[in-house]
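See structure below.
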Amino acid sequence: MNPNQKIITIGSICMVIGIVSLMLQIGNIISIWVSHSIQTGNQHQAEPCNQSIITYENNTWVNQTYVNISNTNFLTEKAVASVTLAGNSSLCPISGWAVYSKDNGIRIGSKGDVFVIREPFISCSHLECRTFFLTQGALLNDKHSNGTVKDRSPYRTLMSCPVGEAPSPYNSRFESVAWSASACHDGTSWLTIGISGPDNGAVAVLKYNGIITDTIKSWRNNILRTQESECACVNGSCFTVMTDGPSNGQASYKIFKIEKGKVVKSVELNAPNYHYEECSCYPDAGEITCVCRDNWHGSNRPWVSFNQNLEYQIGYICSGVFGDNPRPNDGTGSCGPVSPNGAYGIKGFSFKYGNGVWIGRTKSTNSRSGFEMIWDPNGWTGTDSNFSVKQDIVAITDWSGYSGSFVQHPELTGLDCIRPCFWVELIRGRPKESTIWTSGSSISFCGVNSDTVGWSWPDGAELPFTIDK
């Protein structure tokens, strides 16, 4: 073989080896691509950040967690059997209130994508607590936030996000179209109640596990409305209170018993001279207690308690430590409506302990500012204004707003009692501040039988925003 033939032979061999190597590399790339496609083909669309999604399959919770690793989402599942939130325990004995959450939504919303909201509330399942809120179909610091002081519009929706997080399009879940709402968990699925429609014919849409299961039509054709806080569940049944009729006179009030999203029973209260709006309800020893707003003529709060058959009792908190706003200075109370400064009002709550009562209220007697918790050891039945504990929550120089109760069941906490908790809305913007919008953040506390501290946890946002200038 001459030198030229040797060169040609060696070159041919090298070319063959190179072609084979190239084909192997192409095959390797195709194999990796096919393997990746099979692995991720049945998963949800990639998200820009980590998130948890809970679905329901045959009364079993499936907790799906997406973990973002090198732009690839790996899905892990952990099935958790559903339970029944019994609600048969008593409220836990407490000596004060420990801070639980604060979302700082307005502060974050000056630069980030945060919903314009009002009427936030918290509700817990046996696995998690979520903040529910009524959006205005707009973001803070955006042109669509203009005019959001309005309570009822077709753009308002009930949404929810993990407790303590600022409500944004990236962490929030749509629940219902609503300008008045409630929600609660029976241990198997979430029940949501969303009211929308015209003032003279609104309809409440009930959803169970996200599916429409029932509706309730306005029966007085005068702004059907509900709690703006969580409904209460006992032994698989959930209970809510609705109002239909004048906000400044005698209206109609109904209790609804709901099972798996279907109304199974309702009772209209026989309550002349009473006014119930925006009730804050909680379970206690198998029964339900609701503390409400009298927007007609009471500066103390009306209550209704009932058993699972909807057999009920009604009254007003007797204490001379008045809980509504506006209200007179503390003095001599009444077990009926206290008339001075009794018109108008604000959503609030109290927790009954025997003859005693924890009263949550604004610090100001005539504006929605400040917040405090007061323990009146005889206030449920006694009319004096003596109290033994006062815990500061928000200073009188800072804005507050609505407040309401929620509970954490033993199935969540591992305690042998129902833990009482509350949230406070921190309203900012119109009508008290020079902005084009109205919105709020929230803070929450839970009752404990250990050390606590009073302080001020205000909203803290610096206004006006860029859109307001």
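From the backbone N, Cα and C atoms, a Cβ is placed for every residue, glycine too.
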Practice task
Could you identify, going by Swiss-Prot, the member of CYS238, CYS279 that forms a disulphide bond with CYS233?
Solution key: CYS238
Handout entry: Further binder of Ca(2+) named by Swiss-Prot next to ASP294, GLY298, taken from the candidates ASP324, ASP330
Key = ASP324
Practice task
Just give me the nearest neighbour of GLY298 (Ca(2+) binding site) among the recorded positions ARG118, GLU277, GLU278, ARG368, TYR402, Cα to Cα.
Solution key: GLU277
Problem - Cβ packing number for GLU277 (substrate binding site), 10 Å threshold - result: 23
Exercise for the section: Please report how many Å separate the Cα atom of ARG293 (substrate binding site) from that of TYR402 (active site, nucleophile), as a whole number. Expected result: 10
Practice task
Rank the binding-site residues GLU278, ASP294, ASP324 by the number of other Cβ atoms within 10 Å of each Cβ, and give the residue at the low end.
Solution key: ASP294
Handout entry: Cβ atoms near TYR402 (active site, nucleophile) (within 10 Å, other residues, all chains)
Key = 25
Completion exercise
Around the recorded Ca(2+) site (ASP294, GLY298, ASP324), other residues with Cβ within 8 Å of the Cβ centre, ordered by sequence, are HIS275, ARG293, ASN295, TRP296, HIS297, SER299, ASN300, ARG301, PRO302, TYR316, PRO337, VAL338, GLY342, GLY345
